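Trainee: According to TrEMBL:
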{"type": "TRANSMEM", "residues": "C:12-32", "note": "transmembrane segment"}
{"type": "TRANSMEM", "residues": "C:53-77", "note": "transmembrane segment"}
{"type": "TRANSMEM", "residues": "C:89-113", "note": "transmembrane segment"}
{"type": "TRANSMEM", "residues": "C:120-138", "note": "transmembrane segment"}
{"type": "TRANSMEM", "residues": "C:158-181", "note": "transmembrane segment"}
{"type": "TRANSMEM", "residues": "C:209-228", "note": "transmembrane segment"}
{"type": "TRANSMEM", "residues": "C:240-258", "note": "transmembrane segment"}
{"type": "TRANSMEM", "residues": "C:290-310", "note": "transmembrane segment"}
Amino acid sequence: GCASSTDSSTPAPSSSADQPASDASSEAPADGEKEVVRIGMSANNIGIDDYQTKCDELLREYASTLEGVELTVLDAAGDVNTQISQIQDFIQQDMDAIIVWATDSVSVIPGLQQAQEAGVPIMCTNNPIDPSGEEYLTAFVGPDHYQEAVMCAEMLADMFPDGANVVQLTGTPGYDVSTWRQDGFEASIPENITILETQNADWNREKAQQQMEKLILKYGDQIDALYAADDNIAIGAYNALKAANMDIPIIACAFIGNEEGVKCMEDGIIDACVLQSPFPEAPAVMDTAVKIAKGEEVEFLTRYDLYPVTSENVRQVITDNGFEVWK
Amino acid sequence: MENEYILEMRHITKSFPGVTALDDVDLKLRPGEVLALCGENGAGKSTLMKVLAGIYQPDSDKGEIYYQGQRRIFKAPVEAKQAGIIMVFQELSLVMDLSVAENIYLGSLPLKHGRIDWKTLYEDARKVLAEIKCDVDPKTPIGSLPIAQRQMVEIARGIALGAKILILDEPTSSLTDKEKDVFFENIRELKQKGTSVIYISHKMDEIMEISDRAMVLRDGKASGDFATANTTIDEIIQCMIGRSISNYYIKNKAQPGEELLRVEGLCREGQYEDISFSVRRGEIVGLYGLVGAGRTEIVESLFGITRPSRGDIYYKGKKIQIRNSVQAVRHKMAFVPENRKEQGLVLGETCRKNISLVKLPWIKKGGFVDTAKTFEIYEEYRHKLKINAASSEQLTAQLSGGNQQKIVLGKWLAIQPDLLILDEPTRGIDIGAKADIHRFISQLAEEGMAVILISSEMPEIIGVSNRLLCIRDGRICAQLSGEDINEQRIINAIMNQPEDRSNPAAS
Amino acid sequence: MSNLFTWITEKFRKNTIIPIFLIVFLVCSFFIDKFFSLGNFVNILGQNAEKGILAAGMTFVILNGYFDLSVGTLMGLTSCLTVGLTPVIGLIPSILLALCLGAAVGLINGLLVTKLKINAFIVTLAGMTIFRGITYMYTQQTVRGSSKAFYELSRGSFLGLPNPVWICLAFILLGQAVLYFTRHGRNTYAAGGNMSSAQNAGINVDRTVILNFVICSFCAAVAGVMYASKFNSASPTLGWPDAHMLAIAAVVLGGTKLSGGYGNMFYTLGGLCTLGMINNAMNLLKLSSYYNTLVMGIILIIVLYMDIVLREQSVPSKRANIPGAPKKLQKE
Amino acid sequence: MSTIRTTKIRIAPNTTYVIIGGNFDLSVGSILSFSTVLVIQLFNIIGPVAAMLAVVFMGILFGLISGLLVGYLRLNSMIVTLGMMGIVQALTYFVSGGKNSVLKNAETSWFLQIGQGFVGFIPTLVVICLITVAIFEIVLKRTVFGSQLMSVGGNQIASRFSGVNDRKLVTLTFILSGMMTAIAGIMLASRVGSAQNAIGEGYEMDVIAGVILGGASLTGGSGSVVKAFIGILILRVLDNGFVMMGLPYSTQWLANGLIILVVVCVDLQSKRAKIQGKGGGKA
Ligand SMILES: Nc1ncnc2c1ncn2[C@@H]1O[C@H](COP(=O)(O)OP(=O)(O)OP(=O)(O)O)[C@@H](O)[C@H]1O
Ligand SMILES: Nc1ncnc2c1ncn2[C@@H]1O[C@H](COP(=O)(O)OP(=O)(O)OP(=O)(O)O)[C@@H](O)[C@H]1O
Ligand SMILES: [Mg+2]
Ligand SMILES: [Mg+2]
């Protein structure tokens, strides 16, 4: 039994993804002062997965191409307390703007508030902030994780019009992304699709493999499909399925368009997923940050586009949108 | 009738797995009496006292304790303590990181307004320490004191708490004569005040000197009760071990052979300086000195535990360097350390494993331990040293103190060393076993082993050693041999009285 | 004058954390821009106040010769309960409830360790997963705070220092007073230094142990409540996976013996501030995140080594090097 | 059978050794991640054999460093290995660039057979694991090294006074730990075919719990590899059982903790019935 009453499942206002980020590649106009714009970023957990690492890489790369911008990236290693400390230290250093990839959508708010009170504009990326904290934010740039899960549910429904039994492997419990991807999926599957069981795989391949082994042992052929919270989990679970000679569709919620992932898709290991590429993120985030650092007006909400993909169209979608298959 | 005794223990039985430590023992104690408790190692003395002090409970309801006329059951040490029964333990039971004062008043720290009254604590402690003429600052941590002073602190603890019955379990095992005299003064004073004292010791002369009555335990049974004034040492010993000991100290008669070990100018800052001497095969060289003189430090360096900063060691004619104890053992040196619990035994291991530990590198078959051999070794030395253990698989923690010492000795003898270093080897050992060990040492020397013996017991060192080095403040202050080894000469040397310094150091 | 000097050196020798702290402080002040400023020091203190309370509680248990691995998840649980129950039963009752829960957990831990004689490591490790389980049964997501006043409490400051820092200092001072001035404190040292002697001296060792576990868990609950106030919300992930290790590291780095019986609350404060400073310095140095754990790991080892070196210099030369730790290895 | 395939069981023997020596090794989790990542990265460059050798070498190197710090400088093992954990974690990131590592062109390689193949109908991993446990147990209980290690854990000082090279033994336990963990990492890489940087995160605590559950003393001096193996099996079987029962993870954690307590409790009671009055140790 869970007693929590957080039922608003889409924290950020769910306006449609209306601003493709790539066209925001404007040069910094204020040439007047030769001032360097100093921006601090507190990342969630770099190095923990490909996506965050790639984002970090792209962000730094992009920042180094910008004239007169100095970007400092610190990593909160998944801990809100560390993150708030880092925000405080940025304030202490008189940063011109702060970017936060929130480790927690609610608990980080006091940090945002402190920045605002100190007069340092602060924006969030990727991980949305609880609506109660939006008043302290200058901007938000990022994907909609809940929406991703909804799209997955739709794809699953298309695959099994007559209903199916699925098992679900989630990320690390308690983390926002994990929750949204679970909630979005559960809320959107049609009635004729039943979730046999949900287990956590902690974004860890070995754990996913073990959990899947157990689920196979328990349900065997009853399982018609697997819904995995990300491609890591999907790959881990696939190992277990292969060992048991089971060939069922695997739907991974987020797919980040790296080489391994694309290969997995093309090999039919992952059957369907939603593409959330890191490529749009860097310019969108940095440009917004530079603008708010200079005190310019910005759009409050920037969403990137999400693309449902299958084995057949994966490479197509990636190239069509101007992304790379990276690594 | 009842009131004649402050304490009566009746039908006390206590067994441990495999051993019956106490079998239907009775004990009576009058107010103001000093009762000596004698017996071989493992006879059950400590166990009996632990029953009295509430640490163990008697096995059955038949075992009763009447204290001040009332039947009492002490379920925990604190109850006995509150009733006025205070025990000073055989194994020093001090808390190393706490100060002397706190150790003395452990469990009864003075309070003022609900908080610890440190001033009173230190003052009281200073007074008690002064009473037993122990010159340490009550604020020093116990851990930095040498073992003798720790024992004095233990005694101070017994005195400080104002006991009605004070139990002293081998309180003098590391004290020198001078300290012992002061201590006996204190006991007499306590006696005057009506405190009863139960005194456990293996030193017969002490028992004769201090006690009113001596009770003998043998194999867990009470086997005799003597009024000290009307008995002799031999009578008590006879009762203890079932035979009399004709000759406590057996001088080894062997002709010294070739030189085995020579030390030249050994030095370690702050511990000892300019140590030069030699030891021959078949010779027992004693090291005597007051506690803290640096004897242990010297032999520890010989054995590679610490490294000397200067000086040379020649062994079997070759100059060697000993970097650690492994090399020392390879050279067939053996070292029985002074603190058997910390340095001698792995208490959580069995007797067999402890006794074969040093020998392991010799009894391996391609890296594997030859288990049968370990049993053989255990049996051999159990027999030779008369070790009293329930079985080869008994944990050494459960052995009586004396038997623990024998295990340590046994594990070294097992490698048939060329050089045997003994640091206070008979501390806490019963008189019978002590004679056995002395005989054993002499016999080994006669077979060609060289022995270095450290002891704080004057009679022992005089009785056993062929040659004697007196150490004072980390230096050799005299070297005596043959007829010169006598009490007067030793005391002169140690006390820095004018002494004919004809041969201050060896070679 | 020379008296004062010997007194100071004496103190320094015993409290190796003081010179270590000073060295780290000076190095940071000289080489790191913006480190040496009042605002930054206040920052550092504020960032570590809750950890300080956790470490203060841990000090008791470690002095007693144990450690408590369950504090991290317990902190998460109490934090979630405080926030989650506020709308239901009100702020004060939910705080009290959380604190009582902390104390009760400590009581259970203590009873299991002393009465059933289960290894403390196992007990608290089990506690760690149990509390995590309960927390997630209660809520799987971050719970939003509903009391403005409660939030403002942790944001307020007094004499320039944030309120949490004052609370932390109060706990540390109080803890030190308990250790130094009460029988319970001294019994803790005795039991940690040599359990059987303490027992034989008539100290109620079981009670001492239980009380220390209660103190430790209670402190964890306090830290949980304070985090709830600081974040104006509570996440079930709070304290997972390594809050307990950080607390233990602060205590041990301060110089308190992991095997018990030696140390005090000021050591813990020193260890905590040193760690806090290093963390802050790394933020200010703008090190790429990969270097963080690297630098931290190296510094931990260096500090530990400095500690040993300083300690070895401090032992009086005579008879000091006899390796004679009471019953465990010399782990200090 | 699948129960025995868990990586935790493969790092149990060496963890048991370290604990018996009276120390902790908290760095096994990060060394596991590191070696898994490294073996995959190197596999793609220099092929399986060289990669495996290099990884084992690195494992030994890490173990050697911790071992020297703990054994010879006598630093507190818990903090040293906590530090090592951070260092190795950082190195993992350097090696991988923070991204997942994937085996390339390995479909036909024998390398995958280590983790995924079978000997008869028994998975190769299980065979390897059982053999390792047997070897470690025999070495511990039957050889001079093992006996001396037990005595060092029981009383390091007394062992030193008995001609045992305590420092070397302690160092060796850490070296073995690093080496075995590296090997476990190789097997994990072969089984999963890819690696995340944090794949071994938190493993150290689970393994220590299993070892202690298997009756090893935390202060050193006693313990058994086979029992540690059983200890971890118990934890794993519980884990599986919970999933079979369909418990949500929160309930699993709760039940897991409770059952550990019950198991230890029952075990203790039965032991106590056998040996009474053995001086109760602490921690
Ligand atoms: N905790 C215990 N467990 C098992 N056996 C024990 C325990 N304590 C003592 N014994 C056994 O009980 C017997 C009596 O031991 P005790 O310590 O009372 O002897 P003692 O007379 O004090 O000897 P010593 O003079 O050597 O100190 C011995 O055989 C000893 O092995
Ligand atoms: N260290 C001690 N010194 C003196 N008496 C003690 C000690 N420990 C326990 N006692 C006695 O046992 C009883 C209960 O022990 P406890 O440790 O609770 O003492 P206390 O007075 O409650 O100390 P505190 O208030 O500091 O907790 C006390 O009334 C006291 O007489
Ligand atoms: Mg005795
Ligand atoms: Mg000595």
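Each residue, glycine too, has its Cβ placed from N, Cα and C.
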Trainee: Examine the transmembrane segment (C:120-138) against the transmembrane segment (C:89-113) and state whether at least 3 Cβ pairs sit under 8 A, considering only residue pairs 6 or more apart.
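Mentor: Answer yes: the transmembrane segment (C:120-138) meets the transmembrane segment (C:89-113) with 3 or more Cβ pairs below 8 Å.
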Trainee: Can the transmembrane segment (C:12-32) be said to touch the transmembrane segment (C:209-228) if we require at least 3 CB pairs below 8 Å and skip pairs under 6 apart in sequence?
Mentor: no
Trainee: Rank C:158-181, C:240-258, C:290-310 by Cβ pairs under 8 Å to the transmembrane segment (C:53-77) and hand me the top one.
Mentor: C:240-258
Trainee: For the transmembrane segment (C:209-228), give me same-chain residues lying six or more residues beyond its boundaries with a C-beta closer than 8 angstroms to one of its C-beta atoms, as numbers and ranges.
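Mentor: Non-local partners: 49-51, 53-54, 56-58, 60-61, 63-64, 66, 68, 70-72, 74-80, 82-83, 95, 98-99, 101-103, 105-107, 109-111, 113-114, 145, 150, 154, 164, 167, 171, 175, 184, 188, 191, 234, 238-239.
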Trainee: Go through the chain and flag residues at least 6 beyond the ends of the transmembrane segment (C:158-181) whose CB is under 8 A from any CB in it; none is fine as an answer.
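Mentor: Tertiary neighbours of the transmembrane segment (C:158-181) are 38, 42, 45-46, 48-50, 52-53, 56-57, 59-60, 63, 188-189, 215, 219, 222, 226, 229-230, 264-266, 268-269.
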